[in-house]
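Annotated features in Swiss-Prot:
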- HIS56, HIS60, CYS123: Fe cation binding site (BINDING)
Amino acid sequence: MTKMNVESFNLDHTKVVAPFIRLAGTMEGLNGDVIHKYDIRFKQPNKEHMDMPGLHSLEHLMAENIRNHTDKVVDLSPMGCQTGFYVSFINHDDYDDVLNIIDQTLHDVLNASEVPACNEVQCGWAASHSLEGAKTIAQAFLDKREQWNDIYGEGK
């Protein structure tokens with residue numbers, strides 16, 4: 001396989017076992033700041049995907065709530081394949097803490113009574129949301145918390 005510019009295009013999606021959270025890359029800025037990008041894979045690539053309303057609500061809930069647990073988040077974005085999200089942190093390379101931050105954020109999702117910014121002023125497709133869908137996705141991921149660091153399903 002030819003090396004691609006996009007890191008995830010170099011990942012063999014047939015070898016990974018979701019759910020997992022993996023360090024997908026780092027980038028150092030001119031002033032020494034380091035961005036750590038993590039792949040939060042909720043669904044098995046090419047076998048499952050998140051339905052868009054649930055994914056969309058999960059994005060809103062995670063993007064808003066993760067910042068209550070750390071000031072190191074640069075961005076949280078959904079993958080176009082609908083199998084996961086990317087989250088980027090600045091100057092924060094503690095993998096175990098990242099797992100805990102994601103855990104806390106997903107518990108916030110379970111406790112949510114509404115989707116933040118779920119309106120036409122603050123969202124580009126406000127009609128496409130499902131709080132219950134987001135909660136179902138979050139619970140399924142939390143149910144397999146012990147697998148998050150086992151990217152290839154090796155029982156490690």
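Cβ coordinates are placed from backbone N, Cα and C, and glycine is handled just like the others.
Small disclaimer: the values here were computed from a predicted structure and weren't measured.
Distribution of Swiss-Prot features across the structure.
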residue : record                 : Cβ within 10 Å
HIS56   : Fe cation binding site : 24
HIS60   : Fe cation binding site : 22
CYS123  : Fe cation binding site : 16
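Each residue in SER57, GLU59, VAL115, ALA117, CYS118, TRP125, ALA126, SER128, HIS129 lies on the same chain as HIS56, HIS60, CYS123 and has a C-beta within 8 Å of the C-beta centroid of that Fe cation site, without being one of the site residues.
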